[in-house]
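Below is one structure, written out as structure tokens, with a few remarks after it.
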């Protein structure tokens, strides 16, 4: 890992480097994605089955697109008993944390008969996309489904690509069943996103689509935004450790590598006020990398987007952390909670030396679907809020409206909207 | 206005009609919008000033793009004293309502040293787009700016096109000043959206862009989504009145027209269980239209998207209202609050015969930026939530992590992420 001195120039260069991980050649894929979406809107089932044959080499049709109870039973028989046990423990923690995010409808009343409020309603139907491909992440299923379940979404469907044999990974099916998914469909890619956005004979139209995916899936989600709601577009994983001389270099090194192993675009950054820690972490990183099974991915990720930055002051280190706005931020310093108060931008904040980042990936309860690539400046972790919507409530008595009606008429007339003015006036003035 | 009987077929036809109002010929504009965005990213100020010359016929440059204090003073001298007074009254109501939407950071602790929580932080910079063009809506300025202000956004900027004389409408400037906008820039269109998304020499990069606009503005917002956050894409206005025989036909007719006057794409629908009310409203509508200044727009809107629907039962009427998911819903029935409990989809719900829709447009306090065209099924009114973001908080003691560390290692190993497993194990096991 490169060790650099933190200053405005290194910070600027690093920020530029990190942003390069956002795909800038969208155009190349956009045409293809738009074609898939248009085809699915028009030909519906026929289109999705054709694409499934083409991309996933699987013969899927209206009679086998939906995963059956028997297939789920089979999956349970194939999944390690211990994994099932951990899935169930994690589920309880994730559910309990998200329960605390639930909000009440509220109203405020005044004695003249005014009631104003906000009504919370869960979305009716949510669609969760689960990628197939290289790695299988049952934890991702839990993290995407459980907030919808806690919010009270009536119908939760899942789409995921199957293998050429028409089968879905057993651990995906088991995690889906445990999390409470109502229906699972064996389609993937942009065609699955389009199917959920517009509906087909087999796939229901949903209100919101969530879940990670490759560039086709990401672009398809962006394209259907507005027809349905979507979560934010996920990017490569990131960790930033903010540490002083009290930190254990071995723990810090191990935590940095836990994110670097995700993929070659992942980023792991240490910012520390201790030159000694910087040196020790660098040594520990090298020792660990040599022993880890995903060492090639880790090394590339560290070469490209791994940094150890030595800062003169803690304030300077904190400011850099806010500028980088990392997906995961660990604070391993004296008075770590005090430092936390100064953090404005981070997806999830891990405080203290026993709050290792993977604790949050699997187990603690907060969501692991987090804003990446600087978007923690404006996006939030996936939450119950993503699966509810609000309606304003307005109720005025005759007395209350009469007291202000001339003001409203005045405002409407200034905006030259005379029918607006008329609708208020007609209640109080004879023509 | 057409009077039809509500049944599954009429409902389906109306839903199809309403959806036609969504622009389906995006492609025609998309190329142009993408070109503008690319140019602004590359040439920055030079590009936005060139487009301002081209589209707004105005000579704007780095020295005059920002509205000065003198210009704002001049605007105050030009605005009707009475309008200013109403703006100030409305501001108090809007601010008070949005204050109630503010949320606390929270945490939950367990005696073994676990702290989990959610930290709320306001966005740092918000950009509000205000259209120029046909109509001037100071109320729109208040509704877009005040939620950001209440949320605690540090820097609120506004962009709005100027006339060929380089001037901005006085009432826009006055409303902006009253609402607490920090800086106002005289640029409009897709170029303004691109400037706020990526920053130029003169225009700061923002975290979130909100505000209505024409098709270029809407497409530009969609294109920059992900680089910044955006609000939902606004469509033509809608009102749906749910009424029984207790409703006053004159009030209902006047309220329907208040939305029909917005533009020719606006939709006004009455669903009633009373055939008598249906007939009377139809008569009252015709009487009002003849007298209203915007009668041509109103008539076109009613011809295209205006319906009076007679329903057999209240339940059937309510179900249709949920399917249509109108921006504005008035409930003018017996036991109106009981009916409200059955409404799942609506932007704003107006309850009782004195809760005329324009009351919400200007004055009552809830936001008038509402989901349209069926998107109330998944989108919400603009609110304080749009200008905050959340960070998860995770803090485990040594004791707490030790108790569960084997579960986490197990989960990580099942997902084949060995560096994840290592980061937990290293804290408790000697190599």
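Placed from the backbone N, Cα and C atoms, the Cβ positions cover glycine too.
These come from TrEMBL:
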type     : residues                                        : note
ACT_SITE : B:327                                           : active site, proton acceptor
ACT_SITE : B:328                                           : active site, proton acceptor
BINDING  : B:129, B:191, B:214                             : NAD(+) binding site
BINDING  : B:237, B:259, B:262, B:328, B:361, B:415, B:420 : substrate binding site
BINDING  : B:259, B:262, B:361, B:420                      : Zn(2+) binding site
Among B:237, B:259, B:262, B:328, B:361, B:415, B:420, the record's substrate binders - longest CA distance, Å:
57
For the recorded positions B:129, B:191, B:214, B:328, which ones lie near chain A, with a CB less than 8 A from one of its CB atoms?
none
Lowest local Cβ density among B:327, B:361, B:415, which the record lists as recorded positions, within 10 Å:
B:415
Closest to residue B:328 (active site, proton acceptor): which of the binding-site residues B:129, B:214, B:262, B:361, B:415, going by Cα position?
B:361
Cβ neighbour count (within 10 Å, all chains shown) around residue B:214 (NAD(+) binding site):
13
Neighbourhood of residue B:259 (substrate binding site) by C-beta distance under 8 A, where only residues 6 or more apart in the same chain count:
B:237, B:238, B:239, B:266, B:267, B:268, B:328, B:357
Counting Cβ atoms within 10 Å of each candidate's own Cβ, which of the binding-site residues B:191, B:237 comes out highest?
B:191
List every residue in the same chain as residue B:420 (substrate binding site), at least 6 positions away in sequence, whose Cβ is under 8 Å from its Cβ.
B:412
With the cut-off set at 10 Å between Cβ atoms, which of these recorded positions ends up with the most neighbours? Options: B:262, B:328.
B:328
Could you state the whole-number distance in Å separating the C-alpha atoms of residue B:361 (substrate binding site) and residue B:327 (active site, proton acceptor)?
12
Which same-chain residues, if any, lie at least 6 apart from residue B:129 (NAD(+) binding site) yet have Cβ under 8 Å of it:
B:158, B:159, B:160, B:188, B:192, B:193, B:196, B:209, B:210, B:211, B:212, B:213, B:217
State the three-class DSSP label for residue B:129 (NAD(+) binding site), counting H, G and I as helix, E and B as strand, and everything else as coil.
strand
Neighbourhood of the NAD(+) site (B:129, B:191, B:214): other residues with Cβ within 8 Å of the Cβ centroid, in order?
B:131, B:159, B:161, B:188, B:189, B:190, B:192, B:193, B:213, B:216, B:217, B:220
For residue B:361 (substrate binding site), just give me the three-state DSSP call.
helix
